[in-house]
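Visitor: Straight out of TrEMBL:
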type	residues	note
DOMAIN	7-207	domain 'Phosphoribosyltransferase'
BINDING	Arg78, Arg103, Asp130, Pro131, Met132, Leu133, Ala134, Thr135, Ala136, Gly137, Thr138, Asp199	5-phospho-alpha-D-ribose 1-diphosphate binding site
BINDING	Ile193, Gly198, Asp199, Ala200	uracil binding site
Amino acid sequence: MKLVEVRHPLIRHKLGLMRRAGISTKEFRELAGEVAALLTYEATKDLQTVEEHIEGWAGPLVVQRIKGAKITIVPILRAGLGMLPGVLDMIPAAKVSVVGLQRDEQTLKPIAYYEKLTGRMDERIALIVDPMLATAGTLVATVDMLKAAGCKHIKGLFLVAAPEGLRRIEAAHPDIEIYTAAIDERLNEHGYILPGLGDAGDKIFGTKQFPVS
Ligand SMILES: O=P(O)(O)OC[C@H]1O[C@H](OP(=O)(O)OP(=O)(O)O)[C@H](O)[C@@H]1O
Ligand SMILES: O=c1cc[nH]c(=O)[nH]1
Ligand SMILES: [Mg+2]
C-alpha cells in the first residue's frame, strides 16, 4: 500500500497548533482546512497533464491542463466535513460524494447511515477525507462502499493515523493510497489515537468533549 506521511514544515507546524489542549472550534476548523489543502497538493502530484494551445496576452502559447481525471471528494460524516473546504479550495470543480459512518463507542465498529455518491464512480479518482484513521474500521467500510460502486482508484487523506489502523487497511485494501499529516504512536483503550487530536468531530463542530485518556 502506498503510504505517505507528509512531513512538510507547514503541515508539522499547523498540526502542532491543532494538538494544543483548549484549542477553540474556530482555530481547529481553520487549521483542519489548511492542512487538508496541503495534503491535497501532495495527493494530486501524480495527476497527468496534457498540452493545450491557447491564445495568450502576447500571442499563441502552449500551457498544461489536467488530463480528463475526474475526481470525487468523499468526506466521511461528520468530521470529514471539516476538511472539505480545504480540499475544495484546491479542486473547486470536484464532485462531492458524501458517506456517513459513526463508530459505536463500545464496540468501535462503524455504523453506516448515509451514502450519496456521484455518478460514474468507475471513471473517477476518489479522495476520501477524514481527520482520523484510528482502528480503520470506518475506512475499510468506506472503501468497501466505493469499490461496490465500481471505484478503482482510491486515495485517503487524514490528519492523523494510528499504526494499528494502517496495518488493518493495508491488509484489507492494499491497492489504495494513504496521505497523512502524521503517523502517531498508538490507540488507547477507548480506540482514541495518542497523542492524536482528541475527538475531531467534537472539535470541528463544537459539541461535547469527553476525557479520553
Ligand atoms: O478508524 P476508526 O476506529 O473507525 O475511527 C475513525 C472514525 O472515528 C471518527 O468519527 P466518529 O465515529 O467519531 O464520527 P463523527 O465524525 O460523527 O464524530 C473519525 O472521524 C473517523 O471517521
Ligand atoms: O482519536 C480519535 C479516534 C477516533 N475518532 C476521533 O475523533 N479521534
Ligand atoms: Mg467523533
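Numbers here mean position along the shown chain, with the first residue as 1.
Any Cβ shown, glycine's included, is placed from N, Cα and C.
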Visitor: Return the residues near Met132 (5-phospho-alpha-D-ribose 1-diphosphate binding site), defined as same-chain residues 6+ apart in sequence whose C-beta is under 8 angstroms from its C-beta, sorted by sequence, else 'none'.
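Guide: Ala79, Phe158, Leu159, Val160, Ala161, Ile193, Gly196, Leu197, Ala200 - these are the non-local Cβ neighbours of Met132 (5-phospho-alpha-D-ribose 1-diphosphate binding site), listed in sequence order.
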Visitor: Which chain-mates of Thr138 (5-phospho-alpha-D-ribose 1-diphosphate binding site) that are at least 6 residues away have a CB under 8 A from its CB, listed by sequence?
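Guide: When sequence neighbours closer than 6 are ignored, Thr138 (5-phospho-alpha-D-ribose 1-diphosphate binding site) has Ile76, Leu101, Arg103, Pro110, Asp130 within Cβ distance under 8 Å.
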Visitor: Under DSSP, is Ile193 (uracil binding site) part of a helix or a strand, or is it coil?
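Guide: SS state of Ile193 (uracil binding site) = strand.
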Visitor: Between Asp130, Asp199, which of the binding-site residues has the fewest other CB atoms within 10 angstroms in the structure shown?
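Guide: Each of the binding-site residues Asp130, Asp199 was scored by Cβ atoms within 10 Å; lowest is Asp199.
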Visitor: Arg78 (5-phospho-alpha-D-ribose 1-diphosphate binding site) to Asp199 (uracil binding site): how many Å between their Cα atoms?
Guide: 11
Visitor: Checking the binding-site residues Arg78, Asp130, Ala136, Thr138, Asp199, Ala200: which ones have Cβ within under 6 Å of ligand 2?
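Guide: Checking each Cβ against ligand 2, the ones under 6 Å are Asp199, Ala200.
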Visitor: Around Arg78 (5-phospho-alpha-D-ribose 1-diphosphate binding site), how many other CB atoms lie within 10 A of its CB?
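Guide: Excluding its own Cβ, Arg78 (5-phospho-alpha-D-ribose 1-diphosphate binding site) sees 17 Cβ atoms within 10 Å.
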Visitor: Do you know offhand how many angstrom separate Ala134 (5-phospho-alpha-D-ribose 1-diphosphate binding site) and Asp199 (uracil binding site) by C-alpha?
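Guide: Distance (Cα to Cα, whole Å): 11 Å.
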Visitor: Test of understanding: give the count of other CB atoms lying within 10 angstroms of the CB of Gly198 (uracil binding site).
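Guide: Around the Cβ of Gly198 (uracil binding site), 21 other Cβ atoms lie within 10 Å.
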Visitor: Going by DSSP, is Met132 (5-phospho-alpha-D-ribose 1-diphosphate binding site) part of a helix, a strand, or coil?
Guide: strand
Visitor: For the domain 'Phosphoribosyltransferase' (7-207), what is the mean per-residue pLDDT, to the nearest integer?
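Guide: Within the domain 'Phosphoribosyltransferase' (7-207), the model's average pLDDT equals 97.
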Visitor: Near ligand 3, which of the binding-site residues Asp130, Met132, Ala136, Gly198 are found, taking a Cβ distance under 6 A to any of its atoms?
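Guide: Within range of ligand 3: none.
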Visitor: From the Cα of Asp199 (uracil binding site) across to the Cα of Ala136 (5-phospho-alpha-D-ribose 1-diphosphate binding site), what is the distance in angstrom?
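Guide: Cα-Cα, rounded: 15 Å.
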